[in-house]
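Asker: A single structure is presented below for examination.
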Amino acid sequence: NLYQFKNMIKCTVPSRSWWHFANYGCYCGRGGSGTPVDDLDRCCQTHDNCYSDAEKISGCRPYFKTYSYDCTKGKLTCKEGNNECAAFVCKCDRLAAICFAGAHYNDNNNYIDLARHCQ
């Protein structure tokens, strides 16, 4: 779920608040359209697509689904025992948080004009 995703981001990118990713580029945050502005925005596009795939699992609501995971010294692990939906959503969030950690953050791409840059 989004709360757990926020905590996964805190695990992999402890130097930056999750809030910095909430309105970044064309895909980080609500919705998403157009061409991603950079690698970090592509991480968000991939995460959005992953959640769309999760929704194809019967009854799976990725924004609200809780799952079991562990964060140890910046390393994320989705725990055994998650059901199909929880395991899928955990993987989506884990891969995105790892992607965020490896991508450059460009302050100029935070709060961009979506109508102008994301069509």
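Including glycine, each Cβ sits where the backbone N, Cα and C put it.
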Asker: Disulfide-wise, see what Swiss-Prot says Cys44 is paired with, picking from Cys28, Cys50.
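Answerer: According to Swiss-Prot, the disulfide partner of Cys44 among Cys28, Cys50 is Cys28.
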Asker: For the disulfide involving Cys60, grab the partner from Cys43, Cys71, Cys78, Cys85 as Swiss-Prot records it.
Answerer: Cys85
Asker: Need a hand: Swiss-Prot gives Tyr27, Gly29, Gly31 for Ca(2+), which of Asp39, Asp48, Asp53 is also on that list?
Answerer: Asp48
Asker: Among Cys92, Cys99, which cysteine is annotated in Swiss-Prot as forming a disulphide with Cys43?
Answerer: Cys99
Asker: Could you tell me which of Cys90, Cys92 is bonded to Cys50 by a disulfide, according to Swiss-Prot?
Answerer: Cys92
Asker: Spatially, and counting Cα to Cα, which of the recorded positions is closest to Cys50 (disulfide bond)? Options: Gly31, Cys44, Cys71.
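Answerer: Comparing Cα positions, the closest of these recorded positions turns out to be Cys44.
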Asker: Measure the Cβ-based neighbour count of Cys118 (disulfide bond), defined as the other Cβ atoms within 10 Å of its Cβ.
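Answerer: The Cβ of Cys118 (disulfide bond) has 18 Cβ neighbours within 10 Å.
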Asker: Would you list the other residues of this chain near Ca(2+) - those whose C-beta lies within 8 angstroms of the C-beta centroid of Tyr27, Gly29, Gly31, Asp48 - in sequence order?
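Answerer: In sequence order, the nearby non-listed residues are Cys26, Cys28, Arg30, Gly32, Cys44, Gln45.
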Asker: By a simple count, how many Cβ atoms lie within 10 Å of the Cβ of Cys92 (disulfide bond), its own Cβ left out?
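Answerer: Within a 10 Å radius of the Cβ of Cys92 (disulfide bond) lie 23 other Cβ atoms.
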Asker: Name the secondary structure element type, per DSSP in three states, that contains Cys44 (disulfide bond).
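Answerer: For Cys44 (disulfide bond) - judged by DSSP and reduced to three states - the answer is helix.
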